[in-house]
Amino acid sequence: MEYKNTLLMPKTEFPMRGNLPKREPAMQEKWAEMNIYEKVQEHTKGRPLFVLHDGPPYANGDIHMGHALNKVLKDFIVRYKSMTGFSAPYVPGWDTHGLPIEQALTNKGVKRKEMTVAEFRKLCAEYAYEQVERQREQFKRLGVRADWDNPYITLEPAYEAQQIKVFGDMAKKGYIYKGQKPVYWSPTSESALAEAEIEYQDKKSASIYVAFPVKDGKNVLEGDEKYIIWTTTPWTLPANLGISVHPELEYSIVKVNDEKYIIASELFETVAKTLEWENAEVVKTVKGSELEYTVAKHPFYDRDSLVMLGDHVTTDAGTGCVHTAPGHGEDDFVVGKKYGLEVLCPVDDKGVLTNEAPGFEGLFYDKANKPITEKLEEVGALLKLTFITHSYPHDWRTKKPIIFRATAQWFASIEAFRKELIEAVAETKWVPAWGETRLHNMVRDRGDWCISRQRAWGVPIPVFYAENGDPIITDETINHVADLFREHGSNVWFEREAKDLLPEGFTHPGSPNGEFRKETDIMDVWFDSGSSHQAVLEEREDLQRPADLYLEGSDQYRGWFNSSLSTAVAVTGKAPYKGVLSHGFVLDGEGRKMSKSIGNIVVPKKIMDQLGGDILRLWVSSVDYQSDVRISDDILKQVAEVYRKIRNTFRFLLGNLDDFKPSENAVAVAELREVDRYMLVKLNDLITKVKEAYETYDFAAVYHAIHNFCTIDLSSFYLDFAKDILYIEGANHEDRRAIQTVLYDVLVALTKLVTPILPHTADEVWPYIPGVTEESVQLTDMPEAVQLYDAEALKTKWDAFMTLRDDVLKALEVARNEKVIGKSLNASITLYPTAEMKAMLESISEDLKQLFIVSEYKLGGMMEEAPADAPKYEHTAVVVAQATGETCERCWVVSETIGKDAEHETLCERCATVVKENYVK
């Protein structure tokens, strides 16, 4: 007889190798055929809603690792919620207007100057749709389950119509106004920019100290002094109309040789050192408030520079006397307005100085720095010129520096509802908690929102102008434009004349001749995506406002979190979200930002082609995503190894359940041995821990709990000793069926627990599980932890056993290294335990050979009675010797019972019995 044929070895067709790059696309096709998204919605119908609202990625180019991190995190949450009593629809979106699409077309050779705006916009729309399609396929490849056939896209007519309504509601409440004001201006884009469209980069700039002679001292100054200002933007000096000082600061009049200078007293030493003053003496001090309305002379133009008070003046740098150009700075503008100064802005859309800057007209602003500095030197006003490298705002798209420039723009008045915004921030749950402080401070400190852009590709600002220049925004015009956009799309604005966009028979007192013109500016793209709570959450039947969660990168505090909050509070008085969760950026393995120049860009597609989507998803679950995260080949290799262990666990479980029918073979919990019940306690602990971690979005805790359970609880302990029973005993032996009962519970629970993170693998495992009826594991619920009546006692006892087992394993390892034994089945062990361990060992003595995977086990005396040379550990002393007897051909246990059965001379007594009872006819 071939005894190896009598062993019940694992048997399964579940493949050992994942081969995910090939197998996942096939699984996704299967999901598409069975309409998995709709099936899940149907399955969860009638449950309470959980809405995670997708912040729309920008439709341009392939998805990057930041996109992958974001979408996969969202997918974890939505999948988990749909398995825990919620209906969790997920509608993906795309942001499709804006400059990058215009630039992409120009780069492709589109001659936009040779076509109408409407024609150019049609090309923009076509390009945007192509990009949506490209990204949609890449997101699907990640295994993200979403309503991919019905996304929201910001260029779609229904969306644009709702955006117009949001604008109209805000205008009706008086929150929209037109004003001349300095805004971030990009000369390279020739447009205003929102705060969210700028990024800071290092820039080399001139740093100059300039003297402004006093013209009228107002009886506070004698008239022979000079104010010193410091600036890094010499090109703004032609626009200088004043000098700001702080009312509470003390200022010194400092005599240096024959000159007298005015600076903040606190900065005396710094300025003296920088300007290399020797023998400088303070002849007088005055309070900043006393200097108000004194007048200085502009250094090279024949005009006054008024001295004003401003709280924005600090002593962090400079002189405490701040050059003030109301056309080129927010603080300058506010102070200038208070003192009635004009808003002088001698720079055009392209960043070129105009004839309002005599002597420098026609120069690009950056090129004007040198001649202006030379002019200052010529007139004796330049006290010092150096160069510094400092952090300076740049256009996030063109990567070129931007300027502050006063222009006529449309604004949303944040000031009008700032109090409500701050309250809404306080009512929202923020994860991480610092998000609340971050957005609170932004909302508290931000100026009004410049919502107009001087571009072609976007949603038009729905304003008309009467003959007398009055802007027209009424309920009637807004509703009519919204209806037109819903029917024809926003291109209709560029295809028709103003009168054809107005309601029929529309009149206005400012247009006695019935003539009107339309606004040519478009809305900031942040107004587009910021209106999604109205256009998507409110409009779609399967969603609701407020959403339960917004989840985006930490750059969205100033972006989508902010713009959505502003429009929602303006329109509804409430935040559009109940909770906000943010994640960090993806860096390379060394913690560097990914960039083409370094050549360290990791692309999701490459990972999926080489390793698979589930490996990428497992990486997402492994990182502390609330901070910046790292990815590299080495990191992915480690993750792939963890995946291999999880997959092998599934394969082992399936292999040992091949002959198990739950309905026929399952053993009642009360009839299980203690060690089996202990395993169920460990499983229930895992279920509790993993579900709590999912609830708090702590996916790294899920990852570690599942990995540890597979490697420590299962592989290193339960499955290791169970092999002796699973393979060796007869198919229906009660201990074997008991272990299979536990393995079955473990398999079903583990498959469900990993589903949100490893959906492809979970759905690959699912049909192999005996007795399952559901088409997909996604149509099931998370396992419930079952509290065993003796769970605490089992845990106390068996946790203690596990620590003692560690001592035994160490002793066996030492014996192996000293060549006392080969493998552990060659060993006979005698334990000399502590008093508390002795009673525990006596209660489970019959299982101990199997639990320690040795051939012979004896209980000696107490620990103090152990032989002097026996290794002593925390809980026991252990004597390891070679087991006596011969090795059984079938189970490899060393036994003195070999050959006792004459028919089976090479088998131990146990194996001979099993063979006779199960295999001998």
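A Cβ is built for glycine as well, from the same backbone N, Cα and C atoms used for every other residue.
Annotated features in Swiss-Prot:
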- 57-67: motif ''HIGH' region' (MOTIF)
- Glu552: L-isoleucyl-5'-AMP binding site (BINDING)
- 593-597: motif ''KMSKS' region' (MOTIF)
- Lys596: ATP binding site (BINDING)
- Cys888, Cys891, Cys908, Cys911: Zn(2+) binding site (BINDING)
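Panel annotation: around the motif ''HIGH' region' (57-67), residues 94-96, 98, 100-101, 104, 128, 131-132, 134-135, 138-139, 153, 553, 585-586, 594, 601-605, 631 of the same chain, lying at least six beyond its termini, place a Cβ under 8 Å from a Cβ of the stretch.
If you average pLDDT over the motif ''KMSKS' region' (593-597) in this model, you get 77. Beyond the ends of the motif ''KMSKS' region' (593-597), by six or more residues, the same chain brings 64-65, 585-587 to within a C-beta distance below 8 angstroms of the stretch.
Note: the Zn(2+) site is recorded as Cys888, Cys891, Cys908, Cys911; in the same chain, Ile728, Glu889, Arg890, Trp892, Val893, Ser895, Ile898, Leu907, Glu909, Arg910, Ala912 also have Cβ atoms within 8 Å of that site's Cβ centroid. DSSP assigns Glu552 (L-isoleucyl-5'-AMP binding site) to a strand segment in the three-state reduction. Annotated pair Cys911 (Zn(2+) binding site) and Lys596 (ATP binding site), C-alpha to C-alpha distance, rounded: 66 Å. Other Cβ atoms within 10 Å of the Cβ of Cys888 (Zn(2+) binding site), summed over all protein chains shown, number 24. Per DSSP, the motif ''HIGH' region' (57-67) is made up of 3 helix, 1 strand, 7 coil.
Every protein chain shown contributes to the tally, and the Cβ of Glu552 (L-isoleucyl-5'-AMP binding site) ends up with 22 other Cβ atoms within 10 Å. Proximity of Cys908 (Zn(2+) binding site) to non-local residues of its own chain (separation of 6 or more, Cβ distance below 8 Å) is seen for Cys888, Arg890, Cys891, Val893, Ser895, Thr897, Ile898, given in sequence order. In terms of DSSP secondary structure, the motif ''KMSKS' region' (593-597) contains 0 helix, 1 strand, 4 coil. The most densely surrounded of the binding-site residues Cys891, Cys911, judged by C-beta neighbours within 10 angstroms, is Cys911.
Cα spacing between Glu552 (L-isoleucyl-5'-AMP binding site) and the residue listed as 'ATP binding site': 24 Å, rounded to the nearest whole number. Around the residue listed as 'ATP binding site', no same-chain residue at least 6 positions away in sequence has a Cβ under 8 Å from its Cβ.
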